[in-house]
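Here the structure is laid out as C-alpha cells; the discussion comes afterwards.
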Amino acid sequence: MQLAILHYGDCMSTFCVALSKIKLSTFPVVNKNDSIEYAYDVMKKHGLDRAVVVGPNEKITGIITKKDIMKKLALTRTIKVDIGRLHVSSFMTSDPYVLPENSNAVYASHLMHTRNIGSLPVIDDKDKLTGLVTRREISSLATNSVGIMIKELIKPVPAVLTTDDKVINARHLFLQHDVLIFPVVSDEKLVGAVTINEVADALFLLQYQVEDKFRDRRLNQLRIGEIMKEDIPTALPEDELGTVAKKILEKKTVGAIVVEDEKPVGIVSFKEIIELISNQKCP
C-alpha cells in the first residue's frame, strides 16, 4: 500500500511541531514496587491506558500499559494471585525510548511506527521527565487533514468477533494480530467493537472482584457481549481522514471500524494514522 503525503500546506506548522507543544503535562507516574491495583487506579484517574515508571530521583525506568497487563493477567501462574500482590516491576517494559521536548511529532511518529510503541516520555535539557506523548496526541494533528481518504490507510480486518466469543480468546487475537481494535458482529452486522482496554479491564476486574477459587470458571464464562462498546465510530472508505480522526477523538477510543453495507471491511486506528504521519517530511 502506497501511503499518501498529507495535504497540509505548511508542514512545519502542522506536523513538525515540537513535542513540548502537544505533550501531556499531567499523566500517571508509578514506581516499580507499586501494586498493579495502585497502577490501575492511577491510570483510571488520568483517563489513560499507561503510566511512566520512575525510580530514585525521578529517573525513568519503564512504561506499563494495559496491554502489558492484559498479557499477564489471568494466566495459569497469575490467576490465583491477589491483585494487590502483583507488582509493576513484573509487568512493565524497562528502559523505554525517550525524546527531548524539541523533537518533532513526525520523528516521534516514525519511532512509534518502526519500534511499535504507543508512547514516549518527554524530557527537558536536564533529562528531567516533563511530559508524555502518546499516539493520541500525535494522531490529533490529523484532524485538519485535507484530501486523504480512509481507503488510503485502511487495514483489513484480521478477525471479527461475535458477542458470544470468549474474552480470553480476544486476548489471544490482540496479541497475535497486534491491532488496537476489533469489530463485533451479530448476524454479520456490526454491533460494536472491543479494544485492548476493554479486555484488560475485564481481566483486571476478574482478579480484583472474584474469589480465587471461582476465577477459572468465570474466565471461561466471560463473553465479548459483556464488555464491548456499542457506541463506536464508523467510517466509509470514501470518508476523509480529518473527519474520522475527529470522531475517534470525540468518542475517546483508539480507532474506527470501516463498513460497507453495515458489514465491517477494515479498521483505521491510531496505529495507521501514526504510520501515515511517520512518512511526512520536515525541513
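The backbone N, Cα and C atoms fix where each Cβ goes, and this holds for glycine too.
Please treat TrEMBL annotations as automatic predictions, because they have not gone through curation.
If you check TrEMBL, you get these features:
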DOMAIN    19-81  domain 'CBS'
DOMAIN    92-148  domain 'CBS'
DOMAIN    149-213  domain 'CBS'
DOMAIN    228-283  domain 'CBS'
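In terms of DSSP secondary structure, the domain 'CBS' (149-213) contains 30 helix, 19 strand, 16 coil.
Averaged across the domain 'CBS' (149-213), pLDDT for the predicted model comes to 96. Shown for the domain 'CBS' (92-148): DSSP residue counts in helix, strand and coil, namely 21 helix, 16 strand, 20 coil.
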